[in-house]
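Undergrad: Questions regarding the structure given below will be posed in turn.
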Amino acid sequence: MDTLMPVALIDDDKDLRRATAQTLELAGFSVSAYDGAKAALADLPADFAGPVVTDIRMPEIDGLQLFATLQGMDVDLPVILMTGHGDIPMAVQAIQDGAYDFIAKPFAADRLVQSVRRASEKRRLVLENRMLRKAAEDAQENLPLIGQTPVMENLRNILRHIADTDVDVLVAGETGSGKEVVAQILHQWSHRRKGNFVALNCGALPETVIESELFGHERGAFTGAQKRRTGRIEHASGGTLFLDEIESMPAATQVKMLRVLEMREITPLGTNEVRPVNLRVVAAAKIDLGDPAVRGDFREDLYYRLNVVTISIPPLRERRDDIPLLFSHFAARAAERFRRDVPPLSPDVRRHLASHTWPGNVRELSHYAERVVLGVEGGGAAAVPPQPTGATLPERLERYEAEIIRDTLSANDGDVRRTIEALGIPRKTFYDKLQRHGINRGGYSSRK
């Protein structure tokens, strides 16, 4: 059964209070009714999850004083005023001061219910976004899971339902869509939050190194093993292990990883000692591991072991209504970081936000917002410098090519492998073009 939406009702008229409470309860609300403002203020928490409906004319503390006090507690708390005909001018002023709505007595039940329903939805979104921002801050993550589109609502609901379980999770999504953010949130919202969150990009390490990184090794296990090393899996025991780009994991390592998932134990290199581990594994892939034609050498049994729960993150182009909200958040954060004011949006920036396909997804949008705040004209693709009069076609193509490379580097956080993949050119060609255009790829990475 769904949880009833809470509403606080304050009215000193016993009969009207009872009738109003009954109307709201029949409409599916959970009503906390009070006979005065003092009782309500003593009982209501600052983060009350629903709207407040109050009469204006009450002894001791009237509805307008109550509204002002509640605004001081939480400026986003929706307050609906019930008012007699003579109080309408005061109610209008309260609306201008931030009250959610006023309803003139006598009122139809539907009028009250619809107003409370809209206010409840607004309150739910406000509290939900606060929770997500806090989760992102706690995780020290630069790409929070922000959005109000239905697909993001559904994603958050899934995360809430599974976060506090120990089920292993497979996260699917394009580059820059926020897969590690999802993993961080699963960790922060779980009972493992006090344990370590350990991340490893399987595509960033050569086959000769990845086993030692994951499982650890004893001194002398191989040439160069001067001392004992604790692996990422053991370090994550008690917390969460995040394996990004798991589709890049070597076949031999996949076999060992399957045993970790099944037995929750490891055997470090150079020893026969079996060590138990207690961890949750969140794996991420940018390809469809469920498609045999796509997954290639990735083991089917490992896929099915990870596929207890699969979370798909939609690309930014499929939730375009979230772009203004995300851009606003990233611009505000960049302004604080760079000690700049958020500039007004120019027509070029508005056009770019509306028309760009965002192949780098949320990460690309974040970098674009930073460039806008820094005053780079237009912030990106819209900011290509005017071509000098009389520039030849080859000169224009050279400038355009350089801009595409810069944008792709930015969208991929300076990661060479992902940038080459996105551009579809050989590695040597890529480095030749960097040198020819004088582009320093190090300047495009947000990692310090």
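Note that Cβ sites are derived from N, Cα and C of the backbone, with glycine treated the same way.
Keep in mind that this is a model prediction, so the values were computed, not measured.
Sharing the features that Swiss-Prot gives for it:
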- 6-120: domain 'Response regulatory' (DOMAIN)
- Asp55: 4-aspartylphosphate (MOD_RES)
- 145-374: domain 'Sigma-54 factor interaction' (DOMAIN)
- 173-180, 236-245: ATP binding site (BINDING)
- 332-345: region 'Inter-domain linker' (REGION)
- 416-435: DNA-binding region (DNA_BIND)
Undergrad: Same chain, outside the DNA-binding region (416-435) by at least 6, Cβ under 8 Å from its Cβ: which residues?
TA: 175, 203-204, 359-360, 401-402, 404-405, 408-409, 441
Undergrad: For a three-state summary based on DSSP, what are the helix, strand and coil counts in the DNA-binding region (416-435)?
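TA: Once the DSSP states are binned, the DNA-binding region (416-435) shows 17 helix, 0 strand, 3 coil.
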Undergrad: Rounded to the nearest angstrom, how far is the Cα of the residue listed as '4-aspartylphosphate' from the Cα of Thr240 (ATP binding site)?
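TA: Just about 50 Å between their Cα atoms.
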Undergrad: Which whole-number value in Å describes the distance between the Cα atoms of the residue listed as '4-aspartylphosphate' and Lys179 (ATP binding site)?
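TA: Approximately 47 Å lies between the Cα of the residue listed as '4-aspartylphosphate' and that of Lys179 (ATP binding site).
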Undergrad: Tell me, how many other CB atoms lie within 10 A of the CB of Ser237 (ATP binding site), whichever protein chain they belong to?
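TA: If we count other Cβ atoms within 10 Å of Ser237 (ATP binding site), we arrive at 18.
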Undergrad: What counts of helix, strand and coil residues does DSSP assign across the region 'Inter-domain linker' (332-345)?
TA: 7 helix, 0 strand, 7 coil
Undergrad: What are the DSSP helix/strand/coil residue counts across the domain 'Response regulatory' (6-120)?
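TA: Result for the domain 'Response regulatory' (6-120), in helix, strand, coil order: 55 helix, 24 strand, 36 coil.
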